[in-house]
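A.B. asks: To start, I am sharing the structure in question, which I have written as structure tokens.
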Amino acid sequence: MVMSSSKQRDDINLAIVDYLESHGHAQSASIFRQEANVDENADPARKAQLSGMLEKKWVLTTRLQAKVLNLEEQLKQRDREVAFSGPSREKRVPDEWIPRPPELFQLTGHRMPVTKVVFHPQFNLIASSSEDCTIKIWEFESGEFERTLKGHTDTVQDINFNSSGKLLASCSADMTIKIWDFVNTYECLKTLKGHEHNISSVAFLPSGDFVLSASRDKLIKLWDIANGYCVQNFSKHTDWVRTVAVNEDGTCFASCSNDRSIIVWCLATKMPKMTLLGHEHVIETIIWVPDKFTAQILAFSDDSSREGKTNGDIEQPQQQQQQQKMSMLISASRDRTIRFWEVLSGCCVCYLTGHDNWVRAIRLHPNGKQLVSVSDDKTLRVWSIEHRRCIKTLQAHPQFVTSLDFHSKLAFVVTGSVDTTVKLSHIVISIGHYSFLFPLFVAVQDSQHFSLLFPYF
């Protein structure tokens with residue numbers, strides 16, 4: 001409580017009397033004057049000075065409070081930028097972020113193995129799917145559980161957001177695909193049916209109007225979200241199709257399979273463009289290299305490391321190949337290797353070895369120079385693409401690591417495991433000869449109080 005002097009109290013009381021009298025509350029003013037012992041013979045000059053003062057102070061206090069709140073919000077934003085960007089006044093591109101133990105949060109709630117983890121493209125949220133038939137949503141700054149999406153009746157194999165984050169697609173061993181509203185109701189908007197076996201992968205086209213799905217029935221299906229109909233079947237694989245991945249501009253997609261092949265498809269013609277062969281076991285997953293990194297990664301390879309053209313479906317003249325845009329894929333397999341493919345020529349330009357078990361998930365680092373992978377050997381590994389070697393190994397989980405996502409803008413890595421947990425890990429930012437550690441999370445005490453927690457650095 002703020003203590004005031006006798007003169008200040010007298011001034012406040014006079015100002016209250018003035019306010020009551022000037023607003024027609026004479027009786028209340030008289031009662032207050034008696035109870036507060038306000039001098040009726042106060043100096044007229046002093047009365048004039050205090051006239052209207054109560055209202056003026058109220059307006060000024062309200063304005064000041066608004067300014068303080070605005071400044072506090074600016075300070076919070078600056079603190080976030082400092083935490084996420086390193087010791088610089090300018091926002092730093094996440095150029096050298098490397099995962100570091102121990103994890104920030106271990107998120108528990110699933111009752112069976114986690115099959116997929118993915119960051120929301122806009123909000124501070126993580127979605128995870130599981131063999132327990134559910135999808136769980138987590139707030140990753142606080143590590144708090146948000147909600148559970150229920151609807152599938154068997155293992156949820158894969159989940160993915162559309163580019164805006166307004167829709168979430170999930171696919172399941174119950175042979176259905178579900179489209180979820182991720183803005184208002186968090187309810188299932190559509191259930192797509194047509195596959196005849198376990199659906200292992202689902203991916204949005206960039207437009208957000210269509211989704212692709214891959215299944216153990218050896219088919220890939222293209223679905224119109226608006227009406228829920230399958231508009232195209234893609235059939236060429238001879239075994240379970242594990243993953244589908246769409247390129248940046250949505251003109252092509254790639255699929256990988258238990259048949260040890262990767263097929264690149266043209267969405268315009270609905271026909272295969274190239275079949276890539278080289279893995280010696282089931283191919284678990286594939287990702288496209290962003291166009292801005294293709295030339296950089298190709299420069300890291302040399303002619304001696306390139307394996308011969310694997311199996312192009314159409315032999316193209318060299319001049320025609322040169323006119324087409326170069327693109328690259330990265331694949332991970334149960335043969336414990338990760339391979340980099342030049343799609344146009346069908347060549348494997350380089351490969352990485354080091355995992356001691358199946359490689360289950362891969363993500364390209366935001367700088368395009370490193371790759372992050374997880375495996376059934378329970379580790380997360382960071383690879384230098386240029387030097388083709390593992391530069392960091394983390395013991396990520398006590399059991400098989402099934403999934404991985406790397407935040408594209410903030411310093412977070414998330415993993416999911418057979419141990420039923422989801423882990424959010426640190427990032428180390430390397431700047432010159434120094435390394436700075438940023439766990440980057442907000443500890444919320446209640447709706448009015450919070451604190452930004454920073455570790456040593």
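Note that the numbers count up from 1, one per residue, in the order the chain is shown.
Here the Cβ of each residue, glycine as well, is placed from N, Cα and C on the backbone.
Okay, so TrEMBL annotates it like this:
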type	residues	note
DOMAIN	6-41	domain 'PAC1-like LisH-like dimerisation'
REPEAT	107-148	repeat 'WD'
REPEAT	149-181	repeat 'WD'
REPEAT	192-233	repeat 'WD'
REPEAT	234-265	repeat 'WD'
REPEAT	352-393	repeat 'WD'
REPEAT	394-424	repeat 'WD'
A.B. asks: If I take every residue in the domain 'PAC1-like LisH-like dimerisation' (6-41) and average their pLDDT values, what number comes out?
C.D. replies: 82
A.B. asks: With Cβ distances under 8 Å as the criterion, find the stretch in 192-233, 352-393, 394-424 that has the most pairs with the repeat 'WD' (107-148).
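C.D. replies: Comparing 192-233, 352-393, 394-424 against the repeat 'WD' (107-148), the winner is 394-424.
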A.B. asks: Same chain, outside the repeat 'WD' (394-424) by at least 6, Cβ under 8 Å from its Cβ: which residues?
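C.D. replies: Sequence-distant neighbours of the repeat 'WD' (394-424): 84, 94, 97, 99-101, 103-108, 110-119, 126, 128, 130, 138, 140, 143, 357, 360-366, 372-376, 378-381, 438, 440.
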